[in-house]
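Per Swiss-Prot, these features apply:
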type	residues	note
ACT_SITE	His117	active site, pros-phosphohistidine intermediate
BINDING	Lys11, Phe59, Arg87, Thr93, Arg104, Asn114	ATP binding site
Amino acid sequence: MTVERTLSIIKPDAVAKNVIGQIYARFEAAGLKVVAAKMAHLSAREAQAFYAVHKDRPFFKDLVDFMISGPVMIQALEGENAVLKNRDLMGATDPKKAAPGTIRADFADSIDANAVHGSDAAETAAVEIAFFFPGMNVYSR
């Protein structure tokens with residue numbers, strides 16, 4: 001087992017539903033520790049930069065518009081196999097295909113408003129965490 005970090009974003013739809021605490025409880029119940037966290041209202045520039053990997057995809061503009069539509073809760077999570085564990089907690093990107101009991105099955109409205117973002121690999125997680133938490137403000141506990 002490998003202790004690793006992953007980035008999680010609770011998206012504007014889930015923040016608006018006031019389910020941050022319920023989502024955090026799921027992280028902690030799965031053995032993931034929140035090692036950095038902040039609430040932010042992303043600018044268009046920040047959202048475009050963060051999701052730049054998708055810039056040529058047809059959904060890019062809608063994704064950026066959604067991510068700047070309200071505040072988001074951004075956290076770095078740490079634990080055994082954190083990337084996979086978080087992805088299992090999130091469920092399928094399309095909440096209609098997400099397994100019952102996953103975050104997206106329980107809190108997401110659509111494939112666009114799908115409640116959460118999670119890093120897809122440890123390497124991606126390192127880049128994503130550095131994007132939102134540059135410097136020395138991520139603390140193991």
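Glycine too: its Cβ is placed from the backbone N, Cα and C atoms.
Feature map: annotations from Swiss-Prot on the structure.
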| residue | record | contacts (Cβ under 8 Å, 6+ apart) |
| --- | --- | --- |
| Lys11 | ATP binding site | Phe66, Met67, Val72, Ala113, Asn114, Ala115, Val116, His117 |
| Phe59 | ATP binding site | Asp112 |
| Arg87 | ATP binding site | Gly118, Asp120 |
| Thr93 | ATP binding site | Arg104, Ile111, Asn114 |
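Over all protein chains present, the Cβ of Asn114 (ATP binding site) has 23 other Cβ atoms lying within 10 Å. The ATP-binding residues named in the record, Lys11, Phe59, Arg87, Thr93, Arg104, Asn114, extend over a maximum Cα to Cα distance of 21 Å.
Every protein chain shown contributes to the tally, and the Cβ of Arg104 (ATP binding site) ends up with 24 other Cβ atoms within 10 Å.
Secondary structure at the residue listed as 'active site, pros-phosphohistidine intermediate', as computed by DSSP, is strand. Of all the Cβ atoms in the protein chains shown, 21 others lie within 10 Å of the Cβ of His117 (active site, pros-phosphohistidine intermediate).
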